[in-house]
Each structure stands twice: as structure tokens, then as C-alpha cells.
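Record features, source Swiss-Prot:
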- 1-48: region 'Disordered' (REGION)
- 7-30: compositional bias 'Low complexity' (COMPBIAS)
- 98-118: transmembrane segment (TRANSMEM)
- 132-152: transmembrane segment (TRANSMEM)
- 164-184: transmembrane segment (TRANSMEM)
- 214-234: transmembrane segment (TRANSMEM)
- 235-831: topological domain 'Cytoplasmic' (TOPO_DOM)
- 296-331: region 'Disordered' (REGION)
- 476-676: domain 'FtsK' (DOMAIN)
- GLY496, SER497, GLY498, LYS499, SER500, SER501: ATP binding site (BINDING)
Amino acid sequence: MSSKTVARSGTRTSRSKATSRGASRSARSAVPRKRSRPVKGVGRPSRRHHRSLLVSTGLACGRAMRAVWMMAAKGTGGAARSIGRARDIEPGHRRDGIALVLLGLAVVVAASSWFDAARPLGAWVDALLRTFIGSAVVMLPLVAAAVAVVLMRTSPNPDSRPRLILGASLIGLSFLGLCHLWAGSPEAPESRLRAAGFIGFAIGGPLSDGLTAWIAAPLLFIGALFGLLLLAGITIREVPDAMRAMFGTRLLPREYADDFEDFADFDGDDADTVEVARQDFSDGYYDEVPLCSDDGPPAWPSAEVPQDDTATIPEASAGRGSGRRGRRKDTQVLDRIVEGPYTLPSLDLLISGDPPKKRSAANTHMAGAIGEVLTQFKVDAAVTGCTRGPTVTRYEVELGPGVKVEKITALQRNIAYAVATESVRMLAPIPGKSAVGIEVPNTDREMVRLADVLTARETRRDHHPLVIGLGKDIEGDFISANLAKMPHLLVAGSTGSGKSSFVNSMLVSLLTRATPEEVRMILIDPKMVELTPYEGIPHLITPIITQPKKAAAALAWLVDEMEQRYQDMQASRVRHIDDFNDKVRSGAITAPLGSQREYRPYPYVVAIVDELADLMMTAPRDVEDAIVRITQKARAAGIHLVLATQRPSVDVVTGLIKTNVPSRLAFATSSLTDSRVILDQAGAEKLIGMGDGLFLPMGASKPLRLQGAYVSDEEIHAVVTACKEQAEPEYTEGVTTAKPTAERTDVDPDIGDDMDVFLQAVELVVSSQFGSTSMLQRKLRVGFAKAGRLMDLMETRGIVGPSEGSKAREVLVKPDELAGTLAAIRGDGGE
């Protein structure tokens with residue numbers, strides 16, 4: 001303890017000594033500061049003040065020079081970064097800039113070499129160029145101007161760029177070598193200036209020295225010829241055909257044979273009619289049509305929509321000459337002709353769309369971003385091409401040897417992050433290609449007009465009245481479909497996805513292609529406002545139905561119509577309604593003797609339900625049973641259903657409905673579950689809305705992505721007005737009338753010992769006009785189960801409507817009909 005105390009005291013002593021020494025130093029240092037305080041009138045402080053002023057001035061100048069230097073450095077760096085970002089300029093602007101630079105150089109070179117007018121800089125440029133290419137400098141302005149014009153008048157084609165550069169280089173080098181040989185192969189520098197310069201000497205000199213000029217000249221000529229073939233993009237074997245096509249010497253029958261390859265037995269001279277290939281739904285009535293004269297005006301507007309509207313990185317493979325031949329065939333496509341006084345509305349009433357957009361700098365940036373993601377995750381794959389569609393661009397990724405497809409699909413979220421979008425959809429693989437497709441939305445979407453779809457070549461070639469325009473796919477092809485081949489369609493999509501626009505496009509397509517004698521419609525619109533513009537069109541069987549109960553009755557009437565058609569086809573021994581109509585027109589079949597009926601061709605019937613969910617909530621059993629019966633066997637009878645819904649849940653789109661409706665069209669859905677309900681697979685939840693959809697026709701394994709066609713309210717009004725001006729609707733009686741109650745027994749009608757209680761319940765409900773189970777419990781003093789059974793018995797006899805959840809049931813019997821209803825019930829009970 002004593003040692004510790006001594007150590008502590010020693011430590012305190014040393015600290016105190018150090019403190020005293022520090023204090024003495026501070027005291028000594030404080031004394032001189034007091035002595036060095038400046039005194040007025042003494043010269044020594046003034047010299048120090050003069051030196052401090054010089055130092056301050058120097059420091060200020062240094063700071064100013066540093067600021068100027070930093071500003072210059074920042075300006076230079078900003079300019080360099082701006083120049084580096086020049087690659088983000090649109091390809092068209094970049095090509096125009098290069099072309100204008102070439103024109104400027106052509107002017108300078110022409111002034112210096114032709115007129116000796118651009119001194120002193122022009123003399124230096126002329127001397128430099130003559131050193132390299134000699135007297136060929138006089139042709140350089142013409143070549144530069146020609147290249148500039150080509151750049152300004154053509155679109156970029158990255159695939160052909162190496163071929164063009166190599167071809168131009170071969171032509172230029174061979175020409176300089178020939179010029180050197182023509183000038184006598186001079187070796188002196190002064191003589192080379194008047195020949196082909198240093199380049200001509202380097203090309204032609206070794207050839208002439210080693211092989212003589214007589215052999216060198218043909219070799220150089222062959223090199224120039226090969227360069228010319230590269231520029232033209234043809235081979236030697238194709239030269240004769242190219243010359244014939246250039247000078248118009250191709251034989252006309254061969255050209256027409258190419259143009260009319262889809263028609264049968266056409267000789268190009270004296271054919272007045274052509275017969276379109278019979279489809280499986282055709283009855284021969286729409287097959288034979290007169291051939292339009294070549295001199296006559298086209299039936300549709302002459303505005304052509306380019307077919308080749310895709311751009312790729314590099315461009316996706318396409319048939320050569322497809323655009324030229326496609327345009328030539330469009331002029332020969334025959335339009336549909338109908339019989340009778342009714343005239344189809346002209347497609348001039350519809351608005352044509354803008355030309356398709358080409359590849360932009362954004363597509364190049366997206367391809368680079370996808371490639372960087374693959375590189376960062378060390379996946380042996382590369383972006384080999386892209387195809388731009390109206391809504392999305394599909395980038396094709398080819399995998400290296402031994403790379404699993406799952407490595408690409410697992411990077412979906414990383415690729416979405418790289419391209420700064422959520423709606424990235426992968427297609428592994430692309431149908432018909434050994435590549436994985438990555439679909440990325442375009443920042444500049446294009447609108448697909450219904451007029452362009454209906455005037456497309458493939459749509460006009462199909463003369464069936466049930467052909468509807470769908471839209472345009474990623475490849476840039478217009479997509480149409482035949483309802484007779486579907487034969488029923490299920491459409492689903494959330495709010496704003498484009499479902500209502502599709503229904504409008506489908507109806508306008510039918511109105512512009514079919515007469516009321518060919519197609520009749522039943523429009524069911526529980527939302528009351530979607531199909532209002534079509535009220536009064538002559539194609540309607542009954543006025544537009546807005547009440548769910550009447551809709552269920554209309555579907556039941558459609559079942560009866562289907563059964564009647566099958567009975568007629570059975571009696572006529574035909575299997576399809578088209579065959580029946582064909583025989584009726586030809587007089588091959590007539591009504592049986594003694595019958596009051598008269599056989600007439602049956603029109604196609606298209607029933608469109610705009611919101612299936614409302615019907616399924618009101619009368620699920622009746623609606624589902626009718627839909628299932630129609631979809632199971634109505635195809636041969638010419639009856640087709642189009643079911644649309646915003647809520648594709650399992651209680652709306654039931655298993656029986658899905659099984660019997662093979663064709664599906666899904667727009668953007670709110671969840672993966674909805675996508676699987678409508679398509680039986682994922683994908684619809686990745687769509688971006690506004691007409692972006694997936695079409696899964698009957699028999700297809702993978703859906704086709706397309707942009708739905710758009711038709712405006714003004715176009716709808718114009719087409720509907722044109723239809724109303726020609727005919728009035730002829731409504732059929734009894735379509736929305738419900739069947740007698742005796743036929744609508746879904747619950748066991750045996751009342752048993754509860755007759756008195758049941759009569760009291762009926763009297764109570766009818767007199768109060770309030771169908772509530774809880775009211776029966778209170779008034780009759782029965783349990784919930786018995787009150788519910790009484791309500792079900794009243795529903796089977798048509799006294800109350802179906803259950804609507806927690807709401808009271810609708811009472812269908814009026815108080816003044818109570819006596820007759822009670823008498824009918826007593827009669828039932830007595831049986």
C-alpha cells in the first residue's frame with residue numbers, strides 16, 4: 001500500500017512540475033508579446049505592413065487565376081461530355097449531320113482543286129489530298145456529295161453497313177490502282193501527284209512490278225467489279241434478273257404468276273373470275289366474286305400502310321421483296337359483294353392511322369442495357385435482333401452452347417430494373433425461333449386504327465361476314481379473326497385495359513361486313529351505357545337488353561333457337577348451317593308437305609354479353625346452364641357467344657364455361673390469378689393496358705400479343721347512322737319473355753306437411769311485397785332453416801326472385817294476383 005501511495009504522489013508531483021514548467025513557458029512567451037506591440041511613429045512596423053499588402057495582392061491574383069483555370073476546366077469537361085453524349089442523338093439527325101459535313105468538305109475541296117479559290121487553307125488541303133490520291137482529287141467532291149445525298153434520303157441499316165463500306169473501299173482502291181497504271185506507273189513523288197498519289201502507287205506499283213501491267217489491270221478491274229456487287233447487294237447469279245427488272249424486260253405472265261400465286265387457274269389474260277380457296281366454314285355463297293379491272297379505281301381508299309414496319313438490332317429476318325410484292329397484291333384483292341338492296345357502310349367513314357414508327361435511339365439503348373445485364377451476371381448470351389411493334393419491342397436473345405433457358409428467365413426482374421420498367425414479359429422460346437424473347441414497352445406507342453385492320457390484305461381476302469378486326473401484332477402484321485372458327489370468345493380485362501374498345505371494334509367490323517340478312521345480334525349490356533350507341537341498328541333481334549333477368553330469358557330463347565335449327569338440319573340431313581342455307585337457296589330442300597313453315601336461310605346469330613359478372617350474380621344457375629348448352633353444341637347451328645367481363649374470377653368464369661369457350665382474349669389484369677383464370681397461364685398481369693392484349697385462339701398453345709384496334713365515338717356514330725338509314729330493325733317477339741314457372745323447378749317442389757305455413761308465408765310476402773327470410777322468422781315464428789326452405793319453395797314457383805346476398809328478394813307476384821297464386825299452390829299440393 002505504501003508503494004502505491006508513493007507512486008501516486010510521485011505522479012502528482014511530476015504533473016505539478018510539468019504544469020509549473022508549462023505555466024512558466026506561457027508566462028515567458030507572454031512577456032515578449034507585450035513588448036512587440038506596435039507604437040505609432042516607428043518605421044519598422046510600416047515595412048511589415050507593406051510586405052503584408054504585397055502578399056495579400058499575390059494571394060488574390062493566385063485565387064483569381066485558380067478560379068479562371070477551374071472554370072476553363074469545367075467548361076472543357078462539359079463540352080467533352082456533351083460531345084460524348086452525341087451518340088444518344090436520333091439516328092436520322094446523326095445521318096443528316098454527317099451528310100452536311102460531307103457537303104461542306106465537298107465545297108471546300110471543289111473550290112481548292114477546281115478553282116484554286118480557297119487559299120491559304122484550300123492550298124494546304126489540295127496538297128495533302130494530292131499527296132495521297134493524286135489527280136483523283138478532282139472526283140472527290142462528286143463522290144462526297146453523292147454519299148451525302150444517299151445519307152439524307154435513306155434510312156439507317158446497320159446490317160448492310162459493313163458490306164457497303166467494304167464495297168466502296170474495293171472500288172476506290174481498285175480505281176486508284178488503275179489510275180496509277182494508266183499514268184505509266186510513275187515512281188517520282190512529283191509525278192505521283194499527277195497520277196494516283198501514294199495510295200495508287202502502293203496498290204498498283206507492286207502489282208505492275210510483280211505481274212506486269214497487263215495482268216495487274218484485269219485483277220484491279222475484278223476487284224472493282226466485286227466491290228460493285230457488294231454495293232448492289234446481289235450476286236453474279238442474280239445479275240441477269242436484276243438487269244431485266246431494271247430495264248423492264250421481265251415477261252408479264254411470270255410476274256402475274258407471282259402476284260396471283262394464291263388464286264387457282266389464273267392465266268393473266270382472259271380470266272374474268274377467280275375462286276377463292278374454300279374455307280372449312282364456307283357454304284359456297286361467298287366464294288365466287290367478279291375480278292376487278294386493272295383500270296378501275298380501287299374500292300377502298302388508296303392510302304397504303306407499309307407492311308414492313310419493324311426495325312431490328314440487327315433487323316429481323318424477312319422475305320426479300322415482300323413489301324414490293326405485298327403492295328402489288330393489295331391492288332388485286334377483291335372486296336366483298338353482297339346481294340340485295342342493302343349496302344355495306346363504306347370504310348371511308350373510318351379514320352386511317354399514321355405510318356408505323358421505325359427504330360429509335362431508345363431501342364438501341366434498351367438492347368445495350370439488356371446486354372449489360374447478361375454480361376454482369378456472366379450469362380453466355382447476346383442480343384441478336386429486335387422487332388418493334390406498336391406497343392412493345394421484342395428483343396431476341398440467343399444463348400450460347402450449354403446455357404439453360406432458366407438463366408435468362410431468372411433475370412426478369414434485373415432486366416426490368418435495367419430498362420426502368422415493370423412490364424417486362426419473357427417468351428421462352430419465341431415460336432419458330434431458337435431465341436428467347438424479351439418484350440419491353442415502347443416509350444412512344446402508336447395507335448392502331450380499325451380502318452387499317454379492315455383494309456389490310458388478309459382481312460379483305462376473307463369474305464366471310466363474321467370476320468372481325470383485332471389489331472396489330474409485334475411483327476407489324478394486322479390480325480383479324482373469324483367468329484365462325486373460334487367459335488365462342490371469352491374476353492377479360494380490368495378497367496382501362498381496352499375491353500370496351502375491343503367490343504366496339506368487333507361490332508363496327510360486323511356492321512361494315514355483314515347485312516341484317518346475314519348476321520343478327522343480341523346485345524346484353526347490364527352496365528346500360530356501353531352499347532347504347534348501337535340502339536336501333538337493323539341487325540338486332542331484340543332491343544338492347546339491360547336487365548339481368550331479361551338477359552337470362554334471352555339466353556334461354558337462344559337455346560330454343562339452337563334446338564329448332566338442329567331439328568331442321570336433322571330433317572334435311574345436313575351437318576352445318578352453311579350447308580342448310582346453301583340447299584335452301586338452291587331449292588334442294590323445302591318444308592314438309594302440310595307444314596305452314598317456309599324454309600329460309602338462317603342468319604348467323606352473335607350474342608354479346610358486355611359484363612358476365614352482373615348476370616352471374618343475379619341468376620347464376622340459369623345463365624350458366626344456358627351458356628354451357630349454347631357453347632357445347634351451337635357452333636354448327638351458326639350461333640356464337642362473346643362473353644366479356646372485368647372480373648375473371650372462378651365464380652364468374654366457371655369451369656364449365658371455360659371448358660366450352662376455347663378462344664380467349666385477355667387484356668391487362670390486376671393479378672396473376674386472373675391471368676391464369678382467363679388464359680390458363682401467366683402473362684396478362686404484365687400487360688400495360690390501353691389495348692395491349694394476349695389472344696389465344698382455339699387450338700393454340702401460346703397466346704399472341706397484339707395491340708387492339710381503336711375506333712372513336714365519331715366513327716361508331718357514322719357507321720351506325722349509315723346502317724340505320726338503310727333499314728329498320730325487325731324485332732322477334734318473346735325473346736326476353738321468361739318461361740312459364742312450371743318449367744323452372746330447381747328445388748324439390750314437395751311441400752309436405754308445411755302447406756298451411758307455406759300459404760301463410762306466400763300471403764305475407766305478396767301482401768307486404770317484401771321477400772325476406774328474417775321477416776318470415778319473426779312473423780311465423782319459425783327457425784332460420786325452415787324460413788329459408790319456404791323462401792326456396794316460393795322461388796321455384798316464381799313468387800320471389802333469386803337471392804341477392806343480404807338484400808331482400810324481389811317479389812314477382814302483385815297483391816291483386818294473390819288469390820290465383822294461392823289457388824295454384826293448393827292445386828299443386830293436392831297433387
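From the backbone N, Cα and C atoms, a Cβ is placed for every residue, glycine too.
The model shown is predicted, which means the values in this text are computed figures rather than measured ones.
Here the binding-site residues are SER497, SER500, SER501, and the one ringed by the most other CB atoms within 10 angstroms is SER497. Between the transmembrane segment (132-152) and the listed ranges 98-118, 164-184, 214-234, the one holding the most Cβ pairs under 8 Å is 98-118. Shown in sequence order, GLY493, THR495, PHE502, PHE667, GLY689, MET690, GLY691, GLY708 are the same-chain residues outside GLY496, SER497, GLY498, LYS499, SER500, SER501 whose Cβ sits within 8 Å of the Cβ centre of the ATP site. Cβ neighbour density within 10 Å is lowest for GLY496 among the binding-site residues GLY496, GLY498, LYS499. Sequence-remote contacts of a segment are chain residues at least 6 beyond its ends whose Cβ falls under 8 Å from one of its Cβ atoms, and for the transmembrane segment (164-184) they are 133-136, 191-192, 194-197, 199-201, 203-205, 207-208, 213, 216-217, 220-221, 223-224, 226-231.
DSSP assigns SER500 (ATP binding site) to a helix in the three-state reduction. When averaged over the topological domain 'Cytoplasmic' (235-831), pLDDT in the model lands at 80.
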